[in-house]
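Asks: Per Swiss-Prot, region 'Pyrophosphorylase' is recorded for 1-243, and the stated evidence type is sequence analysis. Feature annotation from Swiss-Prot assigns UDP-N-acetyl-alpha-D-glucosamine binding site to 24-27, K38, Q86, 91-92, 112-114, G155, E169, N184, N241, R330, K348, Y363, N374; the stated evidence is sequence analysis. Among the features that Swiss-Prot reports, Mg(2+) binding site is placed at D114, N241, with the record citing sequence analysis. Taken from Swiss-Prot, the feature region 'Linker' covers 244-264, and the record attributes it to sequence analysis. For 265-461, the entry in Swiss-Prot reads region 'N-acetyltransferase', with the evidence type sequence analysis. Under the heading active site, proton acceptor, Swiss-Prot lists H360, citing sequence analysis as support. Residues or ranges marked as acetyl-CoA binding site in Swiss-Prot (evidence: sequence analysis): A377, N383, Y384, S402, A420, R437.
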Amino acid sequence: MNATVPSAAPADLPAHRPATAVILAAGMGTRMKSDRPKVMHPLAGQPMLRYLLDNAASVFDRIVVVVGPGMEQVAALAAPHAVVVQQDRLGTAHAAAQAADLFGTGDVAVLYGDNPLITADSMRRMLACRAGEGNSEGAGLALMAMRPRDPGRYGRVVTQDGLVRRIVEWADASDEERAITLCNAGVLCAGAEDFRRWLGAVRNDNAQGEYYLGDVVAMAVAEGRQVRAVEAPEDELRGINSRAELAEAEACVQRRLRAAALDGGATLVAPETVFLAADTVLEPDVLVQPHVVFGPGVTVRRGAEIRAFSHLEGCVVGPGALIGPYARLRPGSDVGAAAHVGNFVELKATTLGAGAKANHLSYLGDATIGPATNIGAGTITCNYDGVFKHRTDIGAGCFVGSNAILVAPVSIGDGALVAAGSVITQDVLPDAMALGRARQTNKDGRGASLQAALRRKKEQG
């Protein structure tokens, strides 16, 4: 008989059985060596707690988040869900007990904010196990377990005849028990009434003087209740307690995001070199070359191409547009259909119209550039006067020559031409030509005589 409930298709929960998720998020994470609460550290551009909140919200009727004192940032992220404060950090059972008044009358699952990658499917399977779906009867207690590649010092789940008999910590395990590959992930689910009673009975007579949630497993077994393990992949149940583990979790999230992008019809030429944010949208037929970074808030429309070594955040790339290589799109930028943003071009809060091109070595900030306009190499918008930002508006079908400096606020009308090397400080009318540079003067023989004088000076020391 299998000792665990296998990873299977998700089961629907009975409509009459309410379920509450209690998320423990009070830990500061001393091993992270950070002033930031552990659950606020980002994975793929968003706080790790956000993943758990979003998945739990799709499964549970109610979510309660347990935070520590002074963790207003975490409480704000948890909104609109209920938040309770664990004034003294006295262990996981003590933390869960702070939410006991909000357990309700159905099932309660205790999740961990620093274990953010558990999927909604696994949460549903745990609740289904507790409710008895797929079994002859429900479990008095269901717990999540995994088979990590390196079991290391994880607590081992000891089973007999398909039921959990006990959790044994690595330090207390015999050689036979240490050989067990099924490990405890700490996530538990039980009926609200049972959970309240068990939490109230947990004692702190241990070396750390803390109240451990895992003790309720032994209580359930002692009462003769069925305790079952629901197995999930290690990547879902990994905890994050250090910067190294944060990096491992980031790699896991990136694998998920890349797989989703590929399944959605985007091409990633070298997926392992592309880094996505949790909210990155890549429409079908998007092509992403190697070594591209997507920050939060990026949408790339169908058929666009993002070339190598480009960095995008907070922007929209239109259908068929071409970005890079070595381009940077900053927040507030919107690149129109079939527009080009070339190598070493930076856009910030700039709209580039359909078919417009900025192919080389430009900075375009706080600007609106009309359709089919060409921006020459080296053009910049001078948008900042040291205190305020100012806008540059360039119409449709314009030609801005190379090395032009556009001093905002300034407007260039449709069809206008700006000569190369110009400094533009005044508005340019439609179809006009603007020339803002000093007239060239040639002095015959002056170059040779000047160089000769300089060489003599160098020889004289």
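Note: Cβ is positioned from N, Cα and C throughout, glycine not excepted.
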Asks: Could you check which of these binding-site residues, G27, G91, R330, sit within 10 Å of A377 (acetyl-CoA binding site), going Cα to Cα?
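Replies: Checking each Cα against A377 (acetyl-CoA binding site), there are no hits.
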Asks: Among the binding-site residues L24, G27, G91, N383, Y384, R437, report those whose Cα falls within 10 Å of that of D114 (Mg(2+) binding site); none is a fine answer.
Replies: L24, G27
Asks: Highest CB neighbour count within 10 A among the binding-site residues N241, N374, N383, S402?
Replies: N383
Asks: Which ones in the same chain are close to E169 (UDP-N-acetyl-alpha-D-glucosamine binding site), with CB under 8 Å and 6+ residues apart in sequence?
Replies: G155
Asks: Within 10 Å of the Cβ of Y384 (acetyl-CoA binding site), how many other Cβ atoms can be counted across all chains shown?
Replies: 12
Asks: Which one is closest to Y384 (acetyl-CoA binding site) in space, judged by CA to CA distance, out of the recorded positions G113, R330, H360?
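Replies: If we rank G113, R330, H360 by Cα distance to Y384 (acetyl-CoA binding site), first place goes to R330.
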Asks: Which ones are near G91 (UDP-N-acetyl-alpha-D-glucosamine binding site): of the recorded positions N241, H360, N383, S402, R437, which have a Cα within 10 Å?
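Replies: Checking each Cα against G91 (UDP-N-acetyl-alpha-D-glucosamine binding site), there are no hits.
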Asks: Could you break down the residues of the region 'Linker' (244-264) into DSSP helix, strand and coil, giving a count for each?
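Replies: So the counts come to 20 helix, 0 strand, 1 coil.
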Asks: May I ask which residues of the same chain, at least 6 positions away in sequence, place their Cβ under 8 angstroms from the Cβ of R330 (UDP-N-acetyl-alpha-D-glucosamine binding site)?
Replies: E313, G314, C315, E346, L347, K348, A349
Asks: When the Cα of G27 (UDP-N-acetyl-alpha-D-glucosamine binding site) is compared with the Cα of each of the recorded positions H360, N383, S402, which one is closest?
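Replies: Looking at Cα distances from G27 (UDP-N-acetyl-alpha-D-glucosamine binding site), the smallest one goes to N383.
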Asks: Identify, in sequence order, the residues in the chain of G113 (UDP-N-acetyl-alpha-D-glucosamine binding site) that are 6 or more apart from it along the sequence and have a CB within less than 8 Å of its CB; answer 'none' if there are none.
Replies: I23, L24, A25, G27, K38, V39, M48, L49, L52, V65, V74
Asks: Please list, in sequence order, the residues in the chain of A420 (acetyl-CoA binding site) that are at least six apart in sequence and whose C-beta is under 8 Å away from its C-beta.
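Replies: Same-chain residues close to A420 (acetyl-CoA binding site) (Cβ under 8 Å, separated by 6 or more) are G376, G401, S402, N403, A404.
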